Amino acid sequence: MSPKTETKAGVGFKAGVKDYKLTYYTPDYETKDTDILAAFRVTPQPGVPAEEAGAAVAAESSTGTWTTVWTDGLTSLDRYKGRCYHIEPVAGEESQFIAYVAYPLDLFEEGSVTNMFTSIVGNVFGFKALRALRLEDLRIPPAYTKTFLGPPHGIQVERDKLNKYGRPLLGCTIKPKLGLSAKNYGRAVYECLRGGLDFTKDDENVNSQPFMRWRDRFLFCAEAIFKSQAETGEIKGHYLNATAGTCEEMIKRAVFARELGVPIVMHDYLTGGFTANTSLAHYCRDNGLLLHIHRAMHAVIDRQKNHGMHFRVLAKALRMSGGDHIHAGTVVGKLEGEREITLGFVDLLRDDFIEKDRSRGIYFTQDWVSMPGVLPVASGGIHVWHMPALTEIFGDDSVLQFGGGTLGHPWGNAPGAVANRVALEACVQARNEGRNLAREGNEIIREASKWSPELAAACEVWKEIKFEFEAMDTL
């Protein structure tokens, strides 16, 4: 080795591996208003100190790698590195802790959920020094949220488009989810809308299969919408699923929906991807279409308590990427959802300013500034007996969606829709009169069923149906 090379190697650079905590654990750091803040639930491998594990998360999700590199000297690590600035224990879990990490805003591309997640929940989740890692929450600063367009329209604009106020909206997923012909599918849509529902919905896995191609489904559903509107005098909609194998095909389907004059389309935002979702949201905003979002695949990511990503993070990401509705659990139905946690991310979807509240799983105060809100959709195993609880839990700004709870009515689809509409109107009227829905809910439904034979039949069919399993996702 030449003397010249030896001299260079000795100036400002020392090859080798050093502990992450020496660079990325900074307990004295004061967070900035422009930082993206993350709360990670960390389960390190035995023998790995909490400070080292937290620093490793900050490093591997920002500027760090496993060894010191020459090119560190060509940038300012102090400006660009993520910092683990606080560590706190998890009650009842000796081997876990919450690591708080601050990321400088310049690490992220403007208006790109894809880029944000590629860093924060990228390779770090496969890091060997960690047994498990879960992203519990993010604080998105206004400086970053203002680079996103957000929901295509938002709650108030949707109500104005539909001319529906003062109550939750009612929906229904057409069942069986797969196997119907386009004409029979359209007939079911018509019967449900005529019976009193505001919306019907494609199931998430209805795209363009051999038994029902997308164009045929769109045509028959549009016919059902316009016929039911003419008969009822109400504005109706059907969530036409535009999800496809390519972004180009997805946009083509949305264009056809717009040409038909329908009010709303749908996207599976996790299986379709955030880039596709944001592209579709931009199209919907520019062309007057509402956008319904289904969260298929979310439980793969968010259901395990120790690893993955909490749904409140996915909900925040969706609000930035763009959607007017998103499925958010039911609390009372067949799908996962603990009450306080669910209400926490429902507020994150709808409200402008949400205070930190650890009792509901909210780790950071979130300020959305002027970004429109998203309507939470309660769907999955719900029926007329759940209507008082759903009305009380979710309030007016929500969509209550009954699939089997409409189409499973013993008299058919239209009577099933009538039963749900009567139950909802009864609950809203009782609430407006000052009655307690949580305490008097069953009595309110029984009273309404005395003058609605459709509701009485529904009450009889589902009087014994319960889904009583302990929620996996608890505080």
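Cβ atoms are placed via backbone N, Cα and C, with glycine included.
Taken from Swiss-Prot as is:
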MOD_RES   P3  N-acetylproline
MOD_RES   K14  N6,N6,N6-trimethyllysine
BINDING   N123, T173, K177, R295, H327, S379  substrate binding site
ACT_SITE  K175  active site, proton acceptor
MOD_RES   K201  N6-carboxylysine
BINDING   K201, D203, E204  Mg(2+) binding site
ACT_SITE  H294  active site, proton acceptor
Three-class DSSP secondary structure - N123 (substrate binding site): helix
T173, K175, E204 screened against H294 (active site, proton acceptor), Cα within 10 Å - retained recorded positions: E204
Longest CA-CA distance among N123, T173, K177, R295, H327, S379, per record bound to substrate, angstrom: 37
Shortest C-alpha distance to D203 (Mg(2+) binding site) - which of the recorded positions K175, R295, S379: K175
Nearest recorded site to R295 (substrate binding site) by CA-CA distance, among recorded positions K175, K201, E204: E204
CB contacts for N123 (substrate binding site) [other CB atoms within 10 A, all chains]: 10
Distance from K177 (substrate binding site) back to E204 (Mg(2+) binding site), taken between C-alpha atoms, in Å: 8
DSSP state at T173 (substrate binding site), helix/strand/coil: strand
Non-site residues, in chain order, whose CB comes within 8 A of the mean position of the CB atoms of K201, D203, E204 at Mg(2+): T173, I174, K177, D202, N205, V206, Y239, N241, M266, H294
For K201 (N6-carboxylysine), the one of T173, K175, H327, S379 that lies nearest, given that the recorded positions are compared by Cα: T173
Chain-internal residues, separated by at least six, CB under 8 A from K175 (active site, proton acceptor): D203, G403, G404, L407, G408
DSSP-derived structure type at H327 (substrate binding site), helix or strand or else coil: strand
Residue among recorded positions K177, H294, R295, H327 with least C-beta crowding, 10 angstrom cut-off: K177
Lowest local Cβ density among T173, K201, D203, which the record lists as recorded positions, within 10 Å: D203
